[in-house]
Every structure is written in structure tokens, then in C-alpha cells.
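See structure below.
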Amino acid sequence: MSDSDSKRIDVEAPERVEQHELQVMPVGSTIEVPSLDSTPKLSKRNSSERSLPLRSYSKWSPTEQGATLVWRDLCVYTNVGGSGQRMKRIINNSTGAIQPGTLMALMGSSGSGKTTLMSTLAFRQPAGTVVQGDILINGRRIGPFMHRISGYVYQDDLFLGSLTVLEHLNFMAHLRLDRRVSKEERRLIIKELLERTGLLSAAQTRIGSGDDKKVLSGGERKRLAFAVELLNNPVILFCDEPTTGLDSYSAQQLVATLYELAQKGTTILCTIHQPSSQLFDNFNNVMLLADGRVAFTGSPQHALSFFANHGYYCPEAYNPADFLIGVLATDPGYEQASQRSAQHLCDQFAVSSAAKQRDMLVNLEIHMAQSGNFPFDTEVESFRGVAWYKRFHVVWLRASLTLLRDPTIQWLRFIQKIAMAFIIGACFAGTTEPSQLGVQAVQGALFIMISENTYHPMYSVLNLFPQGFPLFMRETRSGLYSTGQYYAANILALLPGMIIEPLIFVIICYWLTGLRSTFYAFGVTAMCVVLVMNVATACGCFFSTAFNSVPLAMAYLVPLDYIFMITSGIFIQVNSLPVAFWWTQFLSWMLYANEAMTAAQWSGVQNITCFQESADLPCFHTGQDVLDKYSFNESNVYRNLLAMVGLYFGFHLLGYYCLWRRARKL
């Protein structure tokens, strides 16, 4: 065993800590914790030595004294797929610590494991990730509570473009803040965040998308993402490539905001790719990764000194960040040599004095966590989230606003539906009298009404869940709401349109075509058309969640549509269906609706005009003759209505299950 190994304090995980060289400190003791940054800051704003923080371990709380995040011997494996479910190690025995007031840059070449390490430390790793090692924040193992005490700013900004900045922050505040926060307090928090992030003038501006005339700029969208994460005043903030896609001025303003947060005691970890020299100077700590291993941890100035001591000198007037990343990167054509060079630096850092100082801090933090019970646990557990029904209400209200403000989803379809009702009514006007030709016209009008409320509504919702799936996954991982709340809220937001739209359609179409003028016939027809549209939409939602893309969903849905159309009862009698397709009649809402609407039109009709009858072309004399022609039974009307209600809930249950399963896998 080497000297460095023999001097290392071997402290186990908090649940099984053993006492070796450290003396257990009594509760209430104050100890000086060594800082990982013992060098002057490169930024001109702070050229003096940083004072070493003092922590009273009897008052260890996330709000009063910040958060210290430590991890030891951390290995992270991800599933790379294949029949054998092969696991690939992304992070290799990483150890580190971040103290309150630290703005740390996590750097490395592409594929070095930056995002994987940060998402693991934030307890936001993807499903299927295997984590080994110890990760603690203020002496407590990380867990789902990290979503409450930390913020995570993703590289790509996901918003609902139809909402304004103020509306988005309002919705997020309702979902993130403690239920005991009053309306006035919530308003003041949002106003303060708008002022801090420079978004006060854009509060009423819609976030927008690429097709909108007035949208937020890239810098404003990034600041809005920061404002959302700062709502619950996190003690630790994780930022994944926060400057990506921003111009130099916006990037500088953003990093300046991070610097100010760190000065107030927030612990901040950022992955950053090729920052400018000016941006790099704002970070008081840097961690370099190479193929999942730690190549250096410490101040930027010490990083340059460490590399220089091993033969890598940064040229004059050269960006230090580019130099450090370039040394650890893999050069095309020299892959093996580049990897050996990077691994050599990792090996040298592992036995350096900086690594020993880091290990001492990590072991000390883990050991001191066993000195007593700290208020940190109490403060974490005292958080009271929003009640489930309020979460559901917020998600439903947001989905409803999106539908109302998106013309492609609601208003254009509504206008199209009214236009089609007038066209259909005009085509069948005066043709539905009780005669032999009238029978064909009535059945044709009924089928058109069914098909018009089947195909377009069903295909129009195929993009509903795939379009919002990335945002849904991000927010559910943050614990804002559940899969069931999200699915039910979106369906409930669709429901008013799914009732009003077919009702207006059937009112216009029914009276223009001159169908049977009895309350019973109209009522059954209206209920059938409303149910047809809702069942078709439910089927579309099921296929929307069952497949990853709209083209794939359509590829499977189109053949099923043809089967339902053929078995609707107008093209072929149900009794004559082949045995292989006998089951389709139980799933065909078009058949249920056609039978019920036909029965409502012809039951009780005793006289149908027949001008000429022959053996080859017999006439329909009564309404019962029409029902017998299609093998329909007037006693099945209410059964068919209930069957369509059952299909509606059945398709939605399948849709929810598919969405839940997809979310669980990712």
C-alpha cells in the first residue's frame, strides 16, 4: 500500500460509518471545513482570497448555511441496448465535493460523461441507469427530495409557446411552491424573479414558437428557465450547458447571474462547453472529466499549473478553457495516444495533493454527518406539496389555454365542422322523404354523419401526446404531477369541444337534410354523433401514446379504420361477416352508432311509398323492412349507446397505460 493510501481516512457510508483517525465531534461543535478553492479567483470582481466557510453542525440546514454536496467512488452505468441488455460504464470512480457559494464548471470533451454525472448528482438520471457509490447532501443520502431543494436547468428549453411569461411562472409557482404560500406571497415571488432575471418588460409576451411573430429571444427563454428553477429558492442549482445557443453578450449576462447567486451562498454546478476566457474567469472551481474519470478538480489557475507540471503548457493569449478541453480530447487518427495521455493525467491527479485535499473534505463531510440529528431532515420533510386535485386543476387549466389559443387544434376544426354540416345538409336536402329512394338517402346521410365525426377527430389528436411528451417527461421527473393527472387533464381539456362541436354539427345537418322530426329520433342521433366523436378521439389518443411517432401510429391506425368502416353495417351485413372478423363488430363504434341511428329513424314507420315493385327489386313497405335489410334491431339502441361509452373509457384506459409505460421506461 502506498503512503497516500495509508494516510487516507477510510470512512464508510453514513449508515455504517467506522471511527478510525477522526475523533467524533460533539453536537454543537464548530469546525473549520477546508475549501477546495484556496487560490485567488481569476475574475476581476473578486481578486482577494475567499474566506473558508465555518459550519455549525448542530444547525445544518439547507436554507441558512447552504448545501454541501459530496460524492465518493461514484460509478454510473447505462443500458446500451441489445438482446443482452449490455451495460456501459459512463462514470468511473468519481469523487468530489461542492461547497456553498461555489460556482463550479464541469468540463470535458464530448462523451466524457458531464451530463451523466450532473444528472446523477441531481437525482435526475434516466430510467435504467445503475448508480454505485455514495452521494450525500449535507450528510443525507440524496433521494426524491432533491427535486424540492434543487433546481435543474436543462440545455434545451421546453415551454408551451401559447402561454405568456407571467402565465408560465404562475403555473409553475402553483406546482412547485409549498401549499401554505399565500396568493400575495406567490405574486411577490414571481415579481421579484421577473426583476432579477430582467423579464419584467416581457411578462405579458407569449413565449411563442418559430411561427409566431413576437416571441422571446434565446437569452430571454434561458432566463425564463432559470426563473422557474429559482421559484422554490433552491440551495443547489444544476445547469446543463446554460450558454449553448446564446450570443456572447447573453452568455455573459447569464453567467453573471449565476455568479451573483453563488455569492449569496447557492451551490452551483454547470456543465459548460468551450466558454470564452471572460466566462471562464467567473468560475471559482472547475472539474475536468476524461472518459468518465476525474482529470482535475480545483481552481482554474491550479488547473493550468497542474497541466504545466505534466508537460502541457497553455500558450499566451490562448483560451484556457479550450486548452484544457483540447488536452483531454481524442484526436482523430490518434485515438489510442490521446486516450493514454488523458488517462495518465487522471492517474497523476489521483495521487496529487489536490486529490488528497478533496478526499479529506469528502471523508470529513461524511464522518461529521454522524455527529447527531440535524435540522436538515426536518426542513426537508416539512415541505407540504400542493394537493393532488390542485395539481390536476393547474395542468387542466394550462392544457385548456393551449387548446383555445392554438387555431390548428380547436378553432379551424370547429369552422371546418360547421362548413361540412352545411355542405352535407345541402346535398341531402329534400331527398329523405319516406320512399324507396329516400331510404338510400337517409342511410347515406347517417353514414356521412358518422364518418365525418370519426376520421378527422381521430387523426387530429395523433400528435397531441407525442408533441408534448418531452415536456411531460421533464415535469413528471421533477415531481410536478403524475402521469394520470397529465393524461386526465388533457382529455378533460378536449371534452368541451368534443361535445359542443358535434352538437352544432348535428343540429345543422339534421334539419337541413330533413330527417325524421321527432324528439326521440333527433335525441338518439345527437347522442350517437357526440359519442362517435368522443370514442374516435379516445382511439386516436390511444394510438398517440402507443407509438413513438405520428407516422408509425398512422401506419397501424389506417388498416383498423378500414375494418371499422367495412363492418359499420352499410356495406355488409354483420351476420355474414367471416369468422376471422367476427370480433370486429364488438369494437366498431361505427356499427353501434349506425344501428342506433337507423333504428331511431325507421322504428314505427308504417308506410314507405313504393311506385313499382318487382321480384328482382322488392320494395321497403315499413321501417321494419329497412331494419331487417341491414340486420339491425331496434331494441339495441340503448345497449349500443352504453357500448360506445364503454369503448370511450376502454380506449382512454389503454392510452393512459401506454403513456405510463413509456414514461416508466425513459
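Yeah, the Cβs are placed from backbone N, Cα and C, and that goes for glycine too.
E365 and D625 carry different topological domain names in Swiss-Prot and therefore face opposite sides of the membrane.
Swiss-Prot marks one residue of N46, N633 as N-linked glycosylation site, namely N633.
Matching 418-438, 586-606 against Swiss-Prot, the residues noted as transmembrane segment span 418-438. With a cut-off of 8 Å between Cβ atoms, the residues of this chain six or more beyond the topological domain 'Cytoplasmic' (540-551) that come close are 457-466, 487, 491, 557, 651-652, 654-656, 658-659, 662.
Counting residues 6+ beyond its ends, the topological domain 'Cytoplasmic' (661-666) has Cβ neighbours under 8 Å at 126-128, 469, 472-473, 476, 483, 545, 548 in the same chain. Looking only at other Cβ atoms within 10 Å, the busiest spot among the binding-site residues G108, G111 turns out to be G108.
For the topological domain 'Cytoplasmic' (466-490), the residues of the chain that approach it from at least six positions outside its boundaries are 124, 144, 147-148, 152, 154, 158-160, 172, 175-176, 385, 388, 391-392, 394-396, 398-399, 544-545, 548-550, 652, 655-656, 659-660, 662-663, 666, judged by C-beta separation under 8 angstroms. Counting only same-chain residues 6+ beyond the ends of the topological domain 'Extracellular' (439-444), those with a CB under 8 A from a CB of the stretch are 428, 431-432, 515, 570, 598, 601-602, 608, 620, 626, 630. Within 10 Å of its Cβ, the residue among the binding-site residues S109, S110, S112, T115 with the fewest other Cβ atoms is S110. Taking all protein chains in view, 24 other C-beta atoms sit within 10 angstroms of the C-beta of G113 (ATP binding site).
Listed in chain order, the residues near the ATP site other than G108, S109, S110, G111, S112, G113, K114, T115 are L289, each with its Cβ within 8 Å of the site Cβ centroid.
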